[in-house]
Amino acid sequence: MEIETKINYMDPVKIALNLLCVSLLQPMDMIKVRMQLGQGSGAQIASNILKTEGGYAAFYRGLSATLVRLPLHRAVKFGSYSIIATAVTEDNDRKPLSLRQKVMITSTAVTMGWAFSIPTQLAQVRMQADATFPTSQCRNYTNVFNALHRVIADEGVQVLWRGSVAEIARQSALITGLISGYPPSFRYLKNSLGFGETTSAIGAGVISSFIGCALSLPFDYVRTQLQTMQPDAYGKYPYTGSFDCVRKTLKTGGLPMFYSGFHFYYFRFAALTTISWFITKQLRRLDASISGKKITIKAR
């Protein structure tokens with residue numbers, strides 16, 4: 001008996017390289033969060049972190065949550081898709097999935113990925129914001145697991161999903177911007193302006209990233225406010241939910257307030273998009289010689 005299976009050696013390499021890129025760009029996310037919390041300009045925040053919070057290492061607070069969140073989101077998303085798709089295919093008498101079924105399964109899988117990763121998002125944002133509070137109100141989480149444990153113990157398990165509506169809206173707006181912006185930008189750069197394939201792809205990624213970030217940052221702002229808020233002396237929180245946060249922000253700071261930290265948010269995402277595209281392209285070139293090899297197991 002012979003069993004043939006295809007092993008893709010590139011997936012773990014791609015994931016590891018993407019996590020490395022995210023780690024290197026973590027300081028931009030830190031500054032963006034601090035700007036959303038009204039701590040000043042990017043230059044002021046960077047200077048304060050270096051002078052008062054222990055130097056360069058302080059820029060990486062919350063990194064443990066980031067490194068857990070991204071693989072967790074990917075694993076849940078693709079794992080749930082595989083399980084659901086297999087079950088639906090069985091119900092279809094092994095007939096191919098229809099377009100409607102694929103859309104429904106994909107939507108469900110993506111939502112499950114978000115649902116499982118939002119608690120680590122909360123831990124990340126709180127660790128990044130901790131130094132902005134008075135010493136008596138600092139939570140002093142040591143890592144993502146300590147943060148999750150203490151949130152459950154001190155505030156209740158439901159708090160782990162605080163800001164989930166805003167986060168799901170953020171992800172949806174980001175994806176909408178990317179999907180709607182990339183194809184026309186690529187066609188314009190390649191067909192109308194005559195750029196090459198690589199230049200057009202990178203340019204379209206930068207343009208679509210701008211659209212996605214412009215659409216999604218207001219929801220990111222709301223999520224940050226909700227996940228970091230603390231009760232006053234009477235136990236009352238400043239916001240009751242996403243819509244209350246939007247209403248009060250519009251009243252006190254206007255629309256520009258929602259775009260605090262936009263340049264850091266955009267540059268980080270555009271850089272990640274470009275680097276991820278480059279990594280994927282290079283790994284595909286190696287795929288013929290490294291991945292997709294067949295392993296034959298002979299049973300005697």
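Glycine too: its Cβ is placed from the backbone N, Cα and C atoms.
Listed in TrEMBL for this protein:
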{"type": "REPEAT", "residues": "5-87", "note": "repeat 'Solcar'"}
{"type": "REPEAT", "residues": "101-188", "note": "repeat 'Solcar'"}
{"type": "REPEAT", "residues": "196-286", "note": "repeat 'Solcar'"}
{"type": "TRANSMEM", "residues": "257-279", "note": "transmembrane segment"}
Take every residue in the repeat 'Solcar' (196-286), average their pLDDT values, and give the whole-number result.
93
Summary of DSSP states over the repeat 'Solcar' (196-286), given as helix, strand and coil counts:
73 helix, 0 strand, 18 coil
